[in-house]
Amino acid sequence: MRITSFNVNGIRSFSKYVMKSCRLRFNEYVKNILRADILCVQETRGREGALGEFHSLRDYITFTNTNKTNSSRSGVSTMVSKKLYCRGVLDSPFAEDGRSLLTDHGEFKVLNLYFPFFDESSERDKSEVIGFYDAIGEFIRGHDNIIMCGDFNAVYSIIDHYQFYSELLRIQRKDRPGLEEGAKERRRARKSPTRLELPYEFYAEDALESYLLETEQRKWLRSLIDGGEYIDAYRALCKRPESYTCWNTMLNLRPRNLGTRIDYILIPARFLNRLKDCDIQPEIHGSDHCPVYAEIDFDVVDDGNNILSKRKNNLLDFFGL
């Protein structure tokens, strides 16, 4: 079973890109290019009525949570192959904000997540952002079969952020001119950092690591992974650095692969022996993110509660009528 997570940065614009570049309708693209059995989409955006075409797919049943107060922001959709099993949608934190969607597949559940972004220039209150992370952490503690996937808007490792990884390589080049000059300081402010550099120079890897984890969101994610209950599916199989899933399009950094890996599929540790494959797909364009997928060995068992065989996948279902 292939679970794919993809922040499409607007599902209608992405669908138009697919039609223009691949000459494929959205259903065929998901089925034949992404080859997803379950597709978790973030940043769908749009009012409920404007997303109707994605709720009438030939091969998938679509579930969507939109932002109830601002439809132009966030939004998540989970598209499930009609060949699979699904009991329906369960309650999850911040569903009304279009930031989470939990589907029940019997043996496992899939929590589609779009975490809020925060930096010091953001208008969003930092406590609200941290509150989201904490609420998700508290929610998953009550379950042992939830697969989390989505845009976490945070890295937890130096090798997953191009600025930090570049600085790590500089530290490791001990013969670099000027390195010893400030070695006792552990870090010092750069005089004129470029937009591609961190604001500090570091002279020890542990100092760089500490700086990475000064950000609460990164610390939360590192704690989740280090706790051992959840496994980063990609890193369980691949340790390659510079495996990015998001790039700054304003600075045109994707051609140079200067990005971050903030899109994850996190699986409960007890599912690790079922994990067969996981990879990112940077060759997939149309968004500032690329997809990540995981192949997990699950049997499709229908106990008679499969709503996929009953749901018509049309606008009436979408509106709950």
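Each position is counted from 1, following the chain as shown.
The backbone N, Cα and C atoms fix where each Cβ goes, and this holds for glycine too.
Features of the protein shown, as given by TrEMBL:
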- 5-289: domain 'Endonuclease/exonuclease/phosphatase' (DOMAIN)
- Asn7, Glu43, Asp151, Asn153, Asp288, His289: Mg(2+) binding site (BINDING)
- Tyr114: active site (ACT_SITE)
- Asp151: active site, proton donor/acceptor (ACT_SITE)
- Asn153: site 'Transition state stabilizer' (SITE)
- Asp263: site 'Important for catalytic activity' (SITE)
- His289: active site, proton acceptor (ACT_SITE)
- His289: site 'Interaction with DNA substrate' (SITE)
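Each of the binding-site residues Asn7, Asn153 was scored by the other Cβ atoms within 10 Å of its Cβ; the lowest score goes to Asn153. Asp263 (site 'Important for catalytic activity') is surrounded by 24 other CB atoms, counting those within 10 A of its CB over all protein chains shown.
For the binding-site residues Glu43, Asp151, Asp288, counting C-beta atoms within 10 A of each C-beta gives the highest total at Asp151. Same-chain residues that are not part of Asn7, Glu43, Asp151, Asn153, Asp288, His289 yet have a Cβ within 8 Å of the Cβ center of the Mg(2+) site turn out to be Asn9, Gln42, Tyr114, Cys246, Ile262, Asp263, Ser287. Taking only the Cα positions, the spacing between Asn7 (Mg(2+) binding site) and Asp263 (site 'Important for catalytic activity') is 8 angstrom. Secondary structure from DSSP puts Glu43 (Mg(2+) binding site) in coil. Taking a C-beta cut-off of under 8 angstroms and a sequence separation of 6 or more, the residue listed as 'active site' has the following same-chain neighbours: Asn7, Gln42, Glu43, Ser74, Gly75, Val76, Gly98, Arg99, Ser100, Gly150, Asp151.
In the three-state DSSP classification, Asp263 (site 'Important for catalytic activity') falls within a strand. Using a 10 Å Cα-Cα cut-off around Asp263 (site 'Important for catalytic activity'), the binding-site residues Asn153, Asp288, His289 reduce to Asn153, His289.
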